[in-house]
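Notes follow the structure.
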């Protein structure tokens, strides 16, 4: 026991001096100035030293107990952490005892080799021997040990409470992280904690110790300021927690209100969307119903209108299709149209192949006749199809009783059969007349067996005329048109008058003077110049309207057209025309050949007949009254045929320049 007490006394002397020095300082930072005076004033009596130590220990204990009580009062608000705090106190006491024993062991080992800060200051400032200082330290043994034990216990308690406080604060901050105000307060609390921690670290760094040694005296020096700092930190934490709780309550309430408001808005939006969808669906259904009603009404209206139009078209088409004939019977109008088309064909057939002396210049070409006939056939077929559709629509659209409807169907079927048979006969007749040609004044008509034959055309069936369509016949009579003239000729067929009646010239009949010999000599000069000017006009018109001249013809005319020496069209005197012919002979060679090829069409046998010359004659007689005598002079052998050589000689073309290769 004595050895144990002695050992404790030695430990007390080691711990007494720095503990007293720490308690005397206001900022928990011992310096040489604060420690040195206490250590330099060596007491004369042991009793005084012991009393002073007791007083300081009692004050330290009172301070630490007061802080512990304050922290426990602040922590009593949290009921959930009381039990853990009590357990922490008991465990901290046990840990404090263990720490005391460990510190005793360490102090016994390092006592001789680890002088404290107080002894270092004494060595530097005082000249007293080491034994006196050690005796002074031993005087402060008991109070040092007690104060050390109490400080360890209080430190462990405060650490437990701090460790419990920190997770509570952390969880509290996590729950209120969305609030900006609570975040600012949390940052402020952290800033308040950081200086305390940094101050503690600075204190630990400022307390010197020798390198390579584990000095427990330095740890004990820092324990009391740590208690003070930890207690202060706990007060700040509790205050900040109270502030955070108070500040978080309105933010939580506002957040709940916002959630409720958002939820209410969302419900309103959902309700409004549902209402809009219902309204849209109802509107769509109404629109569909209205469109259905309108479509039904439109269908009925359209059916009525179409039926009305079809009946009107039927009556009009039937009226147009039927017309009176010479026999008093009614014949289809479209057949009469074909007759009109064949009218010209008949005239052409009369005057063309049979070469009767008539006006062949105005006979339509075969292509024109065929196109006209095809058009009439297509029109006829279209009318028949429309009539069939009208009958079908009438059958479908009727809403009459069943018996009457069946009777009407029977009538319609019989009518359709009759019309179809008539239509077939008409189509067959039209097809047979397509390849059958009649001379002018005649029309093609098929008999009951479908065989085509030519009949005379009624002048009434000729198309409407204009004043410019008038022609003059050889009987010196003016006719409304060539159709009327040749229809009259057909009726007079078999008589002398009918045989002699021909188309003399275009226009109304007038007095034609007799051609003299001098005029016959001058006629070829005017005729050559006229043919040349006609080609120039066709060349100019062909650039805008293709089809007048082919490529070879254009190349030939181009040379004449671009020649600067060409005599322009005009009323020139005979002397000028003769001089130009001699000077620019080559410009007149091709126009003479071109006119022969234009007249040699029915047939193209390199020979011109009177019928082929008739178109040119009829157009020139009113201006050139010598044209008839000129054509008579061109046929010296009087065979009624004019060859290319005879034609060339009449126009003064040399025999070596007459070439059939120019007939293209």
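Here the Cβ of each residue, glycine as well, is placed from N, Cα and C on the backbone.
When 169, 329 are compared in Swiss-Prot, the N-linked glycosylation site annotation sits on 169. Feature annotation from Swiss-Prot across 40, 516, 609 places O-linked glycosylation site at 40. Residue-level annotations in Swiss-Prot identify, among 31, 138, 465, 31 as O-linked glycosylation site.
Within the listed segments 5-14, 15-24, 25-34, Swiss-Prot records region 'O-glycosylated at one additional site' for the stretch 25-34.
For the residues 44, 317, 611, Swiss-Prot attaches the annotation O-linked glycosylation site to 44, which does not rule out the feature elsewhere. Cross-referencing 158, 238, 398 with Swiss-Prot, the residue annotated as O-linked glycosylation site turns out to be 398. Secondary structure of the domain 'EF-hand' (622-657) per DSSP (helix as H, G, I; strand as E, B; remaining residues coil): 18 helix, 2 strand, 16 coil. With residue 490 (disulfide bond) as the anchor, the candidate disulfide-bonded residues are 433, 472, 483, 515, 626, and the one with the nearest CA is 483. Tertiary proximity for the domain 'EF-hand' (622-657) is limited to same-chain residues at least six positions away from its ends with a CB under 8 Å from its CB atoms, namely 505-507, 510, 512-515, 519-520, 523-524, 526-528, 581, 588-589, 592-593, 596, 606-610, 613, 616, 663. Around residue 634 (disulfide bond), the C-beta neighbours below 8 angstroms that are at least 6 residues distant in the chain are 642, 646, 647, 649, 650. Secondary structure of the domain 'Follistatin-like' (432-454) per DSSP, as helix, strand and coil residue counts: 3 helix, 8 strand, 12 coil. Rounded to a whole number, the C-alpha distance linking residue 515 (disulfide bond) with residue 509 (disulfide bond) is 17 angstrom.
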